[in-house]
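Feature annotations, courtesy of TrEMBL:
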{"type": "TRANSMEM", "residues": "A:21-40", "note": "transmembrane segment"}
{"type": "TRANSMEM", "residues": "A:46-69", "note": "transmembrane segment"}
{"type": "TRANSMEM", "residues": "A:120-139", "note": "transmembrane segment"}
{"type": "TRANSMEM", "residues": "A:151-175", "note": "transmembrane segment"}
{"type": "TRANSMEM", "residues": "A:187-206", "note": "transmembrane segment"}
{"type": "TRANSMEM", "residues": "A:246-264", "note": "transmembrane segment"}
């Protein structure tokens, strides 16, 4: 029964995943860019730690891992609305989406997840090769991407990773819906990218921000995209703190999905399609 | 109980209006005026299972809007719609599982995927049982001669090939009702014939109810027993195509090639539509001047090489009908 219910969504996910996975040139270009930026960010951190390491909230080796992990999974960050949605809205393909006997939100959601994962996977594999394997081999051990800090951290990172993906897709769905309602993705992407880069902890781990901001930074939804899962990875968040982090990720994911479903319902009611 | 029931259907769009030019654009930022566009004003009709109905009307008449409401994509401003006992836009998911839709101007197949992969995906999306899917797919592939196209990505197909694939895609889940929105638009003559032939077989042999919109009067003549003419969001007529033709135009045309120069005829009730050196095209009403009598009169007085009678083209019938109802695009 459940397999029957899930069958269309799995198929839609698989189709999108397989299709996007074929774009090798995009994956290589993305990897090269992210490797380059990763190196630069690490140099900046190294300079900062060289001046005043005591002021830093986390150690340098953890920050290096934080950077590589972030570069590897950059394509999982929701800073770009799904281009397929913008295209479907302009071409009228949204009409055909409405003709599928599926939950409209779920149908878009799984496709967006497929798109994100297919973009992230090859880049992440290449980044592991480069930052976690090649760097130690050439003697740059201090600048390498380390494995998770212990078995518990590794095990906790699994749900944290799943939740970060689900949360990212829920954020993207809100962006997708705005794109569909406004018929244009530029405005959304322009606002979304800086918000996500700052508030997820992608630019800087959230503990680097001023003390007064932190209570807010640590409970806002975007913290679950980078800061929480990555700190679980290198065991900066452990025990109850780690569980609280997972709960925060899960809670915000549910809230954003509910919000997205509501917004989508309203958007579809207003949907207008003119012409042939 | 009819399969499709439409009562007093209306759909109004709000369109932002602004004065032309830069000043207009600036003013539009501050204060925006809205104009209401009545795509559908008051449309009612019903359709029994197994019928084949053609919807015709000028551009902007509301044909596509009607199809989009019936298929559950759009929600009407007012009125009642029931298809197989369901209200399409209220019970969308259950409704769309039972219908097939082809929009001539859009594609429902995946541009980058081979045709067969698109079919497989649709079978998953509609949860068609694998055994049933294989049978249905093979049947459609045979009917539409799709075998050589199955491995090609959709983007490589010609429009005619793609439309055949689109038809199969719309029917894999075996819907009882098929909505076609301008299915022959842009197709070449053989492809049009193939589409018509397929739709006819589907309707006659498999009992699928078909509602199609078109601008191609040959589609209507070849397929539909019943025609609805719609203009400016209103239903102008609903009935057999022949009675539409009879009500608007009982006119006959007589084409005559003379042995010598074309004469002045001067017969009351007969108008000369075209004249060349040795031939005439005449128009007359056969209920007033019987065709055999007219021919006899002419051949008795003039030497005639060739003579034949025909009816006005269907396009002309419709154009005249639109004029009559002032229904052309505003």
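Quick reminder: no glycine exception, Cβ is built from N, Cα and C everywhere.
Note: TrEMBL annotation is automatic and uncurated.
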Contact call for the transmembrane segment (A:120-139) against the transmembrane segment (A:246-264), three or more Cβ pairs under 8 Å: no
Most Cβ pairs under 8 Å with the transmembrane segment (A:246-264), selected from A:21-40, A:151-175, A:187-206: A:151-175
Contacting positions for the transmembrane segment (A:46-69) when only residues 6+ beyond its ends and CB under 8 Å are counted: 38, 127, 131-132, 142-146, 205, 207-208, 230-231, 233-234, 236
